[in-house]
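Below is one structure, written out as C-alpha cells, with a few remarks after it.
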C-alpha cells in the first residue's frame with residue numbers, strides 16, 4: 001500500500017506527454033503527425049486510463065484503510081523562507097481523481113468521432129490532455145501555492161477550449177468573457193492566499209488550519225481580517241464554479257465544442273471551485289459568518305440558475321443554467337454543514353450532467369446536416385422535436401439523465417439531492433422552501449428540454465426554414481419561439497381570437513393538410529439526380545458507447561451513498577470513504593438515518609418533482625397540446641383583466657429568464673460603461689493635466705530661450721556692452737540696498 005502512495009505523484013503527469021508530443025510533432029514533422037492523428041486520441045485515452053486504474057487503486061485503499069498520506073519536497077530559498085511542493089492523498093483527492101479520469105476518458109472517446117472532421121482535431125486533444133493534467137495536479141496539491149498554480153492552468157485551458165473555434169466572433173468573445181470573469185475570482189484567491197500566509201506564515205493545509213484555529217481561539221488575530229481573507233478565497237471558488245454574481249461566463253462557454261462543455265460542467269473547471277471550498281472547509285468553519293456567506297451564495301445561485309433556465313432556446317445553454325443551479329446545491333451543502341452531501345451530489349451530478357451534455361452533442365450532431373453548422377440553428381430546440389423516432393438510443397440515455405437530475409428514484413441524483421434538501425430544514429426554513437421549490441423548477445425545465453427535443457414532430461419542417469414567407473400548415477409557438485408572423489414584442493403571450501391564440505407555455509396544434517404531410521414525408525434535397533432524405537440520424541457507436549457507460553454510472557453510482565446500515569451489509573460506502581475528512585472537520589459522524597423519515601421526505605421531494613414534470617407535459621407535451629385546439633376548451637378561455645394580469649406575470653418571467661435576469665445587461669451597461677468612463681477620465685487627466693504641466697514647463701523654457709536668443713545679434717561688442725550694463729545695474733542695486 002505504501003508503495004502505491006509513493007508513486008501517486010505520477011498521476012497528474014500521465015496525460016501530459018500527449019500534449020508535448022502533439023506540439024513537437026506539429027512543429028517538427030507536421031505532415032506525419034497529421035496523417036497519424038487518430039493515434040494521438042488512442043494515446044490520450046490510454047494514458048488517462050492508466051491514471052484511472054491508479055486512481056481506482058488509491059480509492060479502494062482509502063475506503064479500506066481510511067488514512068491521509070502526504071509527501072513534500074522542500075525548496076529552501078533562504079534561511080527564513082522555503083517553498084514546499086508535494087502531493088496529498090486523502091478521501092477528497094481520491095474522489096476527485098476518480099471523477100476526472102472516468103469522465104475524462106468517456107469524453108475523449110466521444111470526441112474522437114465528434115471532432116473527426118474538424119481541422120483542429122490534434123489541437124483539441126492537446127488541449128484536452130493538458131486540461132486533464134492541470135485538473136489532476138490541482139486536486140493532488142498539498143498547499144495553497146500549488147493550488148494557485150494549477151488553478152491558473154485550469155483557467156488557461158478553459159480559455160483555449162471555450163475559444164477553440166476562435167475564428168467565430170461569438171466564441172472569441174465567450175473565451176474572453178470567461179477569462180476576464182475568472183480573473184476577478186483569481187485575483188481574490190491570490191489576495192486571500194497572501195493574507196493567510198501573512199497571518200499564519202504557512203501555505204500547508206494542516207499547518208494553516210491548526211495555526212489559524214489557535215489564533216482565533218486565543219483572540220490573537222483580527223477576526224475581521226481573517227474573515228476578509230477567507231472571503232477572498234471563496235471569491236475564487238465563486239468565479240470558477242459559476243456562482244452568483246460571477247456566473248455570467250458559464251452560458252457563453254457553450255460556444256466551445258460540446259465535449260468540452262461536458263468536461264467543464266462535469267469534472268473539471270466548475271468542480272474546481274467546489275473542490276477548493278471542500279479542501280478549505282476546516283478553515284471556513286472556524287471563521288465567523290463565512291459559512292453563512294457560503295450558504296447564502298449557494299441558495300441564491302440555486303434559484304437564479306433554475307429561473308434562468310426556464311426560457312432558453314439553446315439546448316446547451318439550458319443545460320448550462322441547470323449546471324449553475326445544481327452547483328448552487330453543492331455549494332449550499334457545505335455552507336449548512338453537510339460536507340458529505342456536497343461531495344455525494346458532486347459525484348452523482350458529474351455523471352448525470354456528463355451524460356446529458358454528451359447526449360446534447362449527439363442531438364446537435366444529428367441536426368447539423370439538416371439545419372447547418374451554425375449553433376443558432378443546430379442547438380436551437382425550436383427546430384427540433386420528434387427526435388425520439390430518429391435517435392432512439394440518444395433519447396433513452398437523455399431521458400435517464402433527465403430523470404436523474406429531476407431526482408427520480410432510484411437514479412443517482414435522487415439520493416444526493418434528497419440529502420441536501422433534508423438538511424436545509426435543519427439550517428433554515430426559508431432556505432429549505434427555496435431549495436425544495438427549485439427542485440420542482442428543475443423537473444419543469446429539464447422536461448421542457450426533453451419534450452422540445454424529442455416529443456411531437458420535427459419542427460424544422462414547420463418553421464419556414466426554407467425561407468419561404470407563407471406556410472399553410474402546422475405552426476407552434478412556445479417560450480423562446482420566433483413565430484414567422486410579426487407579433488408585438490412587448491406582449492409575448494398573445495390575447496388574440498381563439499382561432500389564432502398562441503401560448504408561449506404550450507404548443508398550439510393546427511390541422512395539417514395533404515400538402516403539408518407530403519412536405520413532411522418528402523422533405524429532401526437534390527444532389528444531381530439523387531434525392532437524399534434530410535432527417536436526423538443516430539450517432540456512431542464511438543459516440544454512443546461513452547453515453548451508455550455513463551448511463552450505468554447514472555443508474556448505480558448513487559448506491560455508494562445510501563445512508564442505511566442494516567447490520568449485516570453497510571451500504572454507506574461514501575461515509576467510510578470520507579471518514580478521515582469528517583473526523584478532520586470534527587463533525588458528528590455517528591448521525592443515524594431513520595428509514596421512515598427518509599421515505600417521508602423522499603415522497604415529498606418526488607411529489608414536487610412530479611408536479612414539475614406534469615406542468616412541463618401540460619405546457620410542452622404533444623399529447624396535451626392536441627386538446628388545446630378544441631372549440632369546447634377554447635370557449636372557456638375569457639380575455640379579462642385577470643387573464644391579462646397573468647399574461648403580464650408570465651411575460652415578465654419569460655423576459656427575466658430569456659434575458660438572463662438582465663445581469664449581463666447590468667454588467668455591460670453599468671459596470672463596463674462606468675469603468676470605461678473612469679478610464680476615459682483618467683486618460684483625460686493624464687493627457688491634459690499631468691502631461692500639460694510637463695509640456696508647459698518645456699514650452700515656457702522654449703520661449704524664454706527664444707527671448708534671450710533674440711537679444712543677441714552675434715557681435716562681441718554687443719555682448720560686452722550687455723555684460724557691463726548688467727554688472728553696473730547689479731552694483732547700483734547693491735550700493736543702494738547696502739545703505
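Heads up, the Cβ atoms here are built off N, Cα and C, so glycines get one too.
Owing to the predicted nature of the structure, the values given are computational and were not obtained by experimental measurement.
Below 8 angstroms of C-beta separation, residues 40, 43-44, 47-48, 50-51, 54-55, 71, 86-87, 97, 122-123, 125-127, 129-130, 132-133, 136-137, 140 of the same chain, each at least six residues beyond the ends of the transmembrane segment (9-29), sit close to that stretch. Annotation source Swiss-Prot lists transmembrane segment at 9-29 (among others), citing sequence analysis.
As annotated by Swiss-Prot, transmembrane segment applies to 39-59 (among others), with the evidence given as sequence analysis.
As annotated by Swiss-Prot, transmembrane segment applies to 125-145 (among others), with the evidence given as sequence analysis.
For 147-167 (among others), the entry in Swiss-Prot reads transmembrane segment, with the evidence type sequence analysis. Within its own chain, the transmembrane segment (147-167) is flanked in space by residues 120, 123-124, 127-128, 130-131, 133-135, 137-138, 141, 174-176, 178-179, 182, 186, 189-190, 193, 236, 240, 252-253, 255-257, 260, 264, 268-269, 272, 276, 279, which lie at least six positions past its ends and keep a Cβ under 8 Å from the stretch.
Per Swiss-Prot, the feature transmembrane segment maps to 185-205 (among others); the stated evidence is sequence analysis.
Swiss-Prot lists 280-300 (among others) with the feature transmembrane segment. Within its own chain, the transmembrane segment (280-300) has Cβ neighbours under 8 Å at 196, 205, 208-209, 212-213, 216-217, 223, 226-227, 230-231, 233-234, 238, 243-244, 328-337, 339, 427-428, 431, 434-435, 584-585, counting only residues six or more beyond its boundaries.
Panel annotation: around the transmembrane segment (327-347), residues 92, 95, 99, 237, 241-244, 270-271, 273-274, 277-278, 281, 284, 291-305, 412-413, 415-417, 419-420, 423-424, 426-428, 431, 435, 557, 560-561, 574-575, 578, 581-582, 585, 587 of the same chain, lying at least six beyond its termini, place a Cβ under 8 Å from a Cβ of the stretch. Taken from Swiss-Prot, the feature transmembrane segment covers 327-347 (among others).
Annotation comment: Swiss-Prot describes 354-374 (among others) as transmembrane segment, evidence class sequence analysis.
Per Swiss-Prot, the feature transmembrane segment maps to 396-416 (among others); the stated evidence is sequence analysis.
Summarising the annotation, Swiss-Prot assigns transmembrane segment to 425-445 (among others) and lists sequence analysis as the type of evidence.
According to Swiss-Prot, the feature transmembrane segment maps to 544-564 (among others), an assignment based on sequence analysis.
Under the heading transmembrane segment, Swiss-Prot lists 603-623 (among others), citing sequence analysis as support.
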Do at least three CB pairs under 8 A connect the transmembrane segment (425-445) and the transmembrane segment (603-623), leaving out pairs fewer than 6 apart in sequence? yes
Contact between the transmembrane segment (125-145) and the transmembrane segment (354-374) is defined here as three or more C-beta pairs under 8 Å separated by at least 6 residues; is that satisfied? no
Lying 6 or more residues past either end of the transmembrane segment (396-416) yet within Cβ distance under 8 Å of it, the residues of that chain are 322, 326, 341, 344-345, 347-349, 351-353, 355-356, 359-360, 363, 439, 442-443, 446-447, 449-450, 453-454, 547-548, 550-551, 553-559, 561-562, 602, 605-606, 609, 612-613
